[in-house]
Amino acid sequence: MSVNYAAGLSPYADKGKCGLPEIFDPPEELERKVWELARLVWQSSSVVFHTGAGISTASGIPDFRGPHGVWTMEERGLAPKFDTTFESARPTQTHMALVQLERVGLLRFLVSQNVDGLHVRSGFPRDKLAELHGNMFVEECAKCKTQYVRDTVVGTMGLKATGRLCTVAKARGLRACRGELRDTILDWEDSLPDRDLALADEASRNADLSITLGTSLQIRPSGNLPLATKRRGGRLVIVNLQPTKHDRHADLRIHGYVDEVMTRLMKHLGLEIPAWDGPRVLERALPPLPRPPTPKLEPKEESPTRINGSIPAGPKQEPCAQHNGSEPASPKRERPTSPAPHRPPKRVKAKAVPS
């Protein structure tokens, strides 16, 4: 559970702003905003989603900074509540909607701060997923970097040895690698994984639309990745019940339960949310399915006024230029309030926004 995950991290006082009040858009306003989101998704050529702990609360895994989040309750001297374990948690409607959006080619890449493993267990392809803070079900060989996805949590945290050895042989007839396997869960001071960070950074830079779901965007560098889309002329949509660090940069802000927002979005796009039939690990994306017919999106309102601070969508953005291919140095989890350093940031305690 996220409770055990949080307890396993090193002590750290600055965990960001916790327990901020939740905001709910009125039903009519929520509907207008989701229609606008559907237009943006349909008209964009490279859509990247960024997910945080808020997308897993419906599965029984508590978040961290919400009204009843792990760190919010900790600040109040109360014990957090939990309803499930990582092994028994089921992917939510949001998890499965993201699977389908990728299948039909409407989702280019997925960046997650969550460690609960629900994206992988939902069947989302791992080659289109960056898990910046690790995965409770994954261990990696310290020697050859082969990763193993397990059926149960690996049992350690902080990139520690799990007690198992790598069984991969480089060629037929050769002896197994036998490198030491380590968990992939970061502690506050650990550097983000190079591969995942490089992929997330490149995808965010090349996106013409970034959508954040269930994250307060307080942890750097993960929380700043959506801004790379804005800097390259793309659009940013934030879906969260609480205020986020980057609200002022958003073209559209939606305050509603993420499952409700994603369910409405899929309906407007003419897509079904697939049922989950058990854990399924997909290493590489399958050939995309045909896109559904062009949805009959509601016409925009004539008024150019902002919707609760959001900017109405303009003409379709041209795809951003390709990233030059340089890989950023592995930053570390830093405090959410500290200014962005010029050197690779550290994953400081306020950063772990696990699921």
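If you go along the chain as it appears here, the first residue is 1 and each next one adds 1.
Glycine too: its Cβ is placed from the backbone N, Cα and C atoms.
In Swiss-Prot this protein carries:
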type	residues	note
MOD_RES	Ser2	N-acetylserine
MOD_RES	Ser10	phosphoserine
DOMAIN	27-272	domain 'Deacetylase sirtuin-type'
MOD_RES	Lys33	N6-acetyllysine
BINDING	Ala53, Thr57, Phe64, Arg65, Trp71, Gln113, His133, Gly214, Ser216, Asn240, Gln242, Val258	NAD(+) binding site
ACT_SITE	His133	active site, proton acceptor
BINDING	Cys141, Cys144, Cys166, Cys177	Zn(2+) binding site
CROSSLNK	Lys170	ubiquitin cross-link
MOD_RES	Thr294	phosphothreonine
MOD_RES	Ser303	phosphoserine
MOD_RES	Ser330	phosphoserine
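Features as recorded by Swiss-Prot, highlighted on the structure.
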{"residue": "Cys141", "record": "Zn(2+) binding site", "contacts (Cβ under 8 Å, 6+ apart)": "Gln147, Cys166, Val168, Cys177, Gly179, Glu180, Leu181, Arg182"}
{"residue": "Cys144", "record": "Zn(2+) binding site", "contacts (Cβ under 8 Å, 6+ apart)": "Cys166, Val168, Lys170, Cys177, Gly179"}
{"residue": "Thr294", "record": "phosphothreonine", "contacts (Cβ under 8 Å, 6+ apart)": "Trp42"}
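Residues Ala142, Lys143, Lys145, Thr146, Leu165, Thr167, Val168, Ala176, Arg178, Gly179, Leu181 surround the recorded Zn(2+) site, their Cβ atoms falling within 8 Å of the Cβ centroid of Cys141, Cys144, Cys166, Cys177, which are themselves excluded. For the pair formed by Ser216 (NAD(+) binding site) and the residue listed as 'N6-acetyllysine', distance between Cα atoms is given as 19 Å, rounded to the nearest Å. In this structure, Ala53 (NAD(+) binding site) is part of a helix by DSSP. When other Cβ atoms within 10 Å of the Cβ of Ser216 (NAD(+) binding site) are tallied across all protein chains shown, the result is 30. One residue stands out among the recorded positions His133, Lys170 for having the most other Cβ atoms within 10 Å of its Cβ: His133. Using CA atoms as reference points, the binding-site residues Ala53, His133, Gln242 were checked against Lys33 (N6-acetyllysine), and the closest is Gln242. Secondary structure at Lys170 (ubiquitin cross-link), as computed by DSSP, is coil. Confidence across the domain 'Deacetylase sirtuin-type' (27-272), taken as the mean pLDDT and rounded to a whole number, stands at 92. Listed binding-site residues: Ala53, Cys166, Cys177. The one with the lowest count of other Cβ atoms within 10 Å of its Cβ is Cys177. When secondary structure is read from DSSP and collapsed to three states, Lys33 (N6-acetyllysine) falls in the helix class. Taken residue by residue with DSSP, Cys141 (Zn(2+) binding site) is part of a strand.
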